[in-house]
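Please read the structure below before turning to the comments.
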Amino acid sequence: MIESSLKLVEAVQAEVQAFFEQHQEEKRAYHNLAHTQAVVAAAKQIGDHYQLNDQDFEVVQIAAWFHDIGYHIEPDAHERAGAEAAAAFLQKKGQSEALITKVQGCIMATKMPQDPHNLLEEIVCDADLFHLGQDRFNQINECMCQEKGQSLGKVLTKQQWRLGTIAFLEAHHYHTDYCQMLLSDKKAANLARLKKKAASAAAKMAKKPQEVTLKQPEPSGNIKGTLPADGAVALEQPEKVDQGGDNAPYQNKEQKGRKEKKQKKEKTDKPDKGIETMFRVTAGNNQKLSNMADNKAHILISVNSIILSAVISLLLRKLDAHEELIIPTFILITVSLITIIFSILSTRPTIPKGTFTRQDIEEKKTNLLFFGNFYKMKLEQYTEGMWKVMDDRDFLYGSLIKDVYAQGVVLGKKYRLLRTAYNVFMYGLVLSVIAYMIGVMVS
C-alpha cells in the first residue's frame with residue numbers, strides 16, 4: 001500500500017512538473033512550480049504532524065500538486081479547472097472515485113474565502129497560505145503584487161498593495177490547530193509590520209500634494225492573498241515620480257533589499273514570536289514523545305505481568321510431572337521479569353535536590369522552569385528568581401534552552417531503557433518458544 005501510494009504521488013509530481021514546464025508564463029510570478037512545491041512541502045509537514053494514514057497522506061499531496069495548475073487553464077475558475085485536471089489524471093491511473101472525490105474536495109476548499117469541511121481540506125488550505133506566517137512572507141508578497149499587476153495590465157503602488165494585503169491578513173485565519181500554534185504569531189508580526197509601513201506612508205502622502213490620479217481598472221480575476229478584483233485601484237504615474245517613495249511601483253528590488261537588510265539589523269530586545277513558538281512546539285512534541293514512551297512501558301508491564309501470573313499459577317505446580325519444561329519455564333519467567341524491570345526503570349522519575357542559591361541566579365546557572373530545581377525553596381525566593389529570569393532576555397532563553405535539553409536527556413534515557421526492554425522481551429520470547437518446542441520433542 002505504501003509503495004503504491006509513493007508511486008502514485010511520484011507520477012502526479014512528474015505530471016505537474018511537466019505541465020509547468022510546458023506552460024511557463026512570465027506573468028505568473030507567484031502561481032508557478034516553486035509555489036506548488038512549497039505547498040506540497042507544507043502539506044507533508046502538516047500531514048506528518050497529524051500522523052495521517054497512507055491514503056489520506058496521499059490525498060493531501062495530490063491535491064497540493066494540482067491545486068493551482070488551473071491558473072494556466074482557466075484563471076477565473078482555477079480551482080475547478082485544477083480539480084477537473086486532477087480527476088482526469090487519477091481516472092486515467094485507475095484510482096477509486098472515493099479518492100478522487102477527496103482530492104477534488106481539498107482543491108475546491110482553497111477557493112477564497114476558504115471553506116474546508118474536514119481535516120484533509122483544512123490541511124491543504126493551510127498549506128496553500130503557509131507563507132503568511134513565515135519569514136519569507138515579504139518576498140512572496142512582492143511576487144504576488146507583481147503577478148496581480150501583470151494580470152491587470154497596470155503597475156500597483158506599494159501603498160495600494162499594502163492596504164489590500166492588510167485587509168486580507170485581517171480576514172484570514174488558519175484552520176488546523178497545528179498551524180494556529182506554529183504560524184499565527186509570525187503572521188501577526190507580518191501584519192503589524194505592514195500596518196506600520198502603511199501608516200507611515202499615509203502620513204508622508206498627507207504632507208505633500210497628490211501628483212497622481214485615480215483610475216478604475218478593468219475587471220479581472222482574483223488572486224489568493226491579493227487585492228480583490230472589484231477593489232483593485234491602479235494609479236497612473238506622472239512623468240516624474242520618486243521611485244523610492246511609498247507611492248512608487250513595487251519594483252525597485254535593489255532599494256527594497258537594502259531597506260530589508262537595514263530593518264533586520266534594527267532588532268529590539270522584545271522576545272521574538274517565532275522563537276517562542278519554536279520552544280512551545282518543541283516542548284509539546286517532547287511531551288507527546290514522553291507520553292508515548294510511558295504508554296509503551298505500560299503495555300510491556302501489563303503483558304509480562306499476565307505472563308508471570310499465568311506461568312506461576314498454571315505451570316509451576318506441574319513441573320514435577322514435566323521436568324522437560326523446567327528450563328523453558330524459567331527462561332520465560334526470567335525474560336518477563338527482566339522486561340518488567342527495564343520498563344519500570346524507563347518510567348521511574350529522578351528527583352533533583354530541589355534547591356538553588358542566589359549565586360546560581362546571579363550566574364544564570366539554574367533553570368527555574370523545571371520543578372526539580374525549586375520545589376524545596378520558599379515562594380518568596382522562587383518569585384524573586386523568576387522576576388530576574390523574566391527581566392533578562394538571555395537568562396530567559398537560556399532557561400528555555402536548558403529545559404528543552406533536560407527534556408531531551410530524559411527522553412533519551414527513557415527510550416534507551418525501553419528499547420532494551422523490548423529487545424529482551426522479543427528475543428527472550430522467541431528463545432522461550434524454541435525451548436518449549438525442544439522440551440516437547442525430547443519428551
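In case you wondered, yes, glycine gets a Cβ from its N, Cα and C as well.
If you check TrEMBL, you get these features:
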type	residues	note
COMPBIAS	256-265	compositional bias 'Basic residues'
DOMAIN	28-142	domain 'HD/PDEase'
REGION	202-274	region 'Disordered'
TRANSMEM	297-319	transmembrane segment
TRANSMEM	325-345	transmembrane segment
TRANSMEM	421-442	transmembrane segment
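Residues 297-298, 300-301, 304-305, 307-308, 311-312, 315-316, 318-319, 417-418, 420-421, 424-425, 428-429, 431-432, 435-436, 438-439 of the same chain lie 6+ residues outside the transmembrane segment (325-345) yet bring a C-beta within less than 8 angstroms of a C-beta in it. Per-residue pLDDT, averaged across the domain 'HD/PDEase' (28-142), gives 87.
Per DSSP, the secondary structure of the domain 'HD/PDEase' (28-142) breaks down as 85 helix, 0 strand, 30 coil.
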